[in-house]
C-alpha cells in the first residue's frame with residue numbers, strides 16, 4: 001500500500017494543551033508527531049550534566065566486522081550494528097547513571113498517557129525497551145532508513161493497517177536538531193507500508209527532518225522508517241531516545257544490575273519501567289512473576305512516593 005503525505009504539514013506539531021485524542025490520531029495517521037516543550041530547559045541541563053562524563057568516555061560505533069557490501073555479503077545479524085555510525089555514540093545505562101532520568105523521564109505523565117492509549121486496550125501494561133543518549137559528531141554520515149520493530153521477528157507477521165503497534169519511541173532533543181547537524185529524518189506514513197512497497201534505505205524524497213529545539217521531542221512508532229541525518233555542521237547533535245513496548249516483549253536493555261537502593265529511590269511506575277515489578281496483560285493476567293507472587297512483594301521492595 002502506498003500512502004501519500006503532504007510534507008509541508010507533517011509531522012504535526014503539538015504541545016501539552018493539545019487534546020490527547022488529536023495527538024493519538026496524528027501518530028496513527030502519520031506515524032509521528034513533534035511535541036514542543038516535552039521537557040523544560042532546566043531538566044535538560046541537569047540530564048546533560050549527569051550524562052556528560054559517560055558520553056565523553058564512551059566509544060564510537062560501529063562494532064562490526066568488515067564485509068563486501070557491494071557483493072551483498074553482510075549477514076543479517078551484522079546489519080543491526082551498522083545503525084551505529086562511526087562518529088556516533090550510543091550511551092546506555094541511563095537508569096543507573098542519571099537521577100533525572102529515573103525521576104523526571106521515567107515518570108513523565110504525558111509520555112505515559114500516550115503509552116496507555118497505544119497499548120492499554122491491546123496489550124495491558126508496558127515497560128521500557130531501552131533508553132540511550134544518541135550523540136552525533138560533526139562529519140557523521142546519514143544513517144540508513146530502518147524500522148525499529150525489525151528487532152521483533154513477529155513484526156513480519158503484521159498484515160493489516162489496524163494491527164496493534166509493538167513499539168513507540170520518544171526522541172528528546174538535548175541540543176538543537178537542525179537539518180545541517182543530523183536531525184532525525186522521518187518518512188511519514190511509512191508505518192503503513194506493506195510488503196508490496198519496496199523499502200527505502202537512502203536518499204528518500206519522502207523523508208522530512210524533525211527540527212527540534214532543546215526539550216522538544218519527536219514521538220514515532222517503531223514501524224516508521226527513519227534514520228539519523230548527516231551532520232554537516234561543526235557542532236555535535238545530541239538526543240535521548242526512550243523506547244517503550246508491551247510487557248509481552250523482552251526489552252533490549254536489562255536492569256537486573258541496578259542496585260536495590262537505587263531502585264527503591266524510584267516510584268512504582270518507574271520501577272515497573274525497568275522490570276522490577278510484576279505487570280498485567282490486557283486480560284489482567286500477571287506477567288513477570290516470582291512464582292505465584294509479585295516480584296515487588298517477594299523482594300520486599302520499597303519505593304519512593306508518587307512523583
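Just so you know, glycine gets a Cβ as well, placed from its N, Cα and C.
Noted in Swiss-Prot for the protein shown:
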BINDING   146, 148, 226  Fe cation binding site
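Shown are the binding-site residues 146, 226; of these, the residue with the fewest other Cβ atoms within 10 Å is 146. Long-range Cβ contacts of residue 148 (Fe cation binding site) within its own chain (separation 6+, distance under 8 Å): 167, 169, 222, 223, 243.
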